[in-house]
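Undergrad: Okay, handing you the structure first.
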Amino acid sequence: MAFRTLDDIGDVRGKRVLVREDLNVPMEGAAVTDDTRLRSAAPTVAELADKGAIVLVLAHFGRPKGERNPEMSLALVTAAFRSVLGREVRFVGDCCGEEAEAAVAQLQPGDIALLENTRFHKGEEKNDPALAQAMAKLGDLYVNDAFSAAHRAHASTEGLARLLPAFAGRSMQAELEALEKALGKPEHPVAAVVGGAKVSTKLDVLKHLVARVDHLIIGGGMANTFLAARGVDVGKSLCEHDLKDTALAILDAADAADCIVHLPYDVVVAKEFKPNPPTRTVNVHEVAADEMILDVGPAAVEALGDALKTCRTLVWNGPLGAFETPPFDTATVALARTAAALTKGGSLVSVAGGGDTVAALNHAGVAGDFSFVSTAGGAFLEWMEGRELPGVKALEA
């Protein structure tokens, strides 16, 4: 897929550049508790400012539902963004209209302004052309650097890109290039790890992947549904029994596409789901009626590691077990470390995404060793489903 980037933007000196970023950071009181998204936004904003642009940052924050809510004002994020950038950032109390126009008129080349939460306007999430037009009045050029919001056709992500010359920022560019490498034009064999609690939330992902990957590793609670579909008694494990036929259809589609599906054959079980309860490691056919499967067993994890050693590309979304609760993080940590070692050794391109996945890789201490880790949740999932992302489509050259 060809798209325009900052390399194509030309001379920006004195130009007003509207830059859509994802600054939707977690807060505790007045403090930002994780500045990952601010750090991800910094390179594009700094590059444009250094080149003499007047940089106008657009972003959403929380879900104010079209109402002004001081608890969701981007004023709360301004100091942290200033600190990450290491330069002055002015806050402007609206993202369009007279107040914003007057504030922007005062700015000089190289200045950076953070405009107020786009979702304070009802038209943002409706992709209202009038709101997009009002925001477009502030700028000469548009840069979208928020892949995590690219699956939404909103006024500040899709509408604006139709009204001004539109380009991908550095974070968006890195994300798109990594995703293209992982599933667009990957080097085979390709493995996908898909985990999480429910098959129902990842149905479209699984259906899309079986025709595109060589190894499909299914973990988490959703593996129980596939095991049950194959006649395994999963005890009181989380399981969507009503989706057994769907699971069988996915397995049949995988067979037809020569995709090897890896389900656990040994598992870690417990009678209670709590930190460090008594556990047993058993064959999947030995789960007692009062036990639940909470992690993949060591023999299966070793076999999964061996499968990864034969692969050139890995896409990972979702943990293998209930990783937030020890000791059920063991399988996820072990396989993540294997993938990280293969990546560092140069034999594997590894791309991971989704909130739980990032948390799991951080927990394993290997997020920095993967080829690319996406902080996007919904957008990453929709990309894995093969859907067209409106915010990306609008940037195509």
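Glycine is no exception: its Cβ is also placed from the backbone N, Cα and C atoms.
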Undergrad: Name the residue, out of Arg82, Arg87, Arg90, Arg119, that Swiss-Prot lists for the same substrate site as Asp22, Leu23, Asn24, Arg37, His60, Phe61, Gly62, Arg63, Arg152, please.
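TA: Answer per Swiss-Prot: Arg119.
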Undergrad: Given that Swiss-Prot lists Lys202, Gly354, Gly355, Asp356, Thr357 as binding ATP, which residue among Glu324, Glu388, Glu396 does it place in the same site?
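TA: Swiss-Prot names Glu324 for this ATP site.
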Undergrad: To the nearest whole angstrom, what is the C-alpha distance linking Asp22 (substrate binding site) and Lys202 (ATP binding site)?
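TA: Rounded to a whole number, the Cα-Cα distance is 24 Å.
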Undergrad: If you count other Cβ atoms within 10 Å of each one's Cβ, which of the binding-site residues Asn24, Thr357 has the most?
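TA: Highest number of other Cβ atoms within 10 Å: Thr357.
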Undergrad: Cα within 10 Å of His60 (substrate binding site) is the criterion; apply it to the binding-site residues Lys202, Glu324, Gly354, Gly355, Asp356, Thr357 and give the hits in sequence order.
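TA: Cα within 10 Å of His60 (substrate binding site): none.
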Undergrad: Which one is it, among the binding-site residues Asn24, Gly62, Arg119, that lies nearest to Gly354 (ATP binding site) by Cα separation?
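TA: For Gly354 (ATP binding site), the spatially nearest of the binding-site residues is Asn24.
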Undergrad: Give the distance between the Cα atoms of Lys202 (ATP binding site) and Asn24 (substrate binding site), rounded to the nearest whole Å.
TA: 24
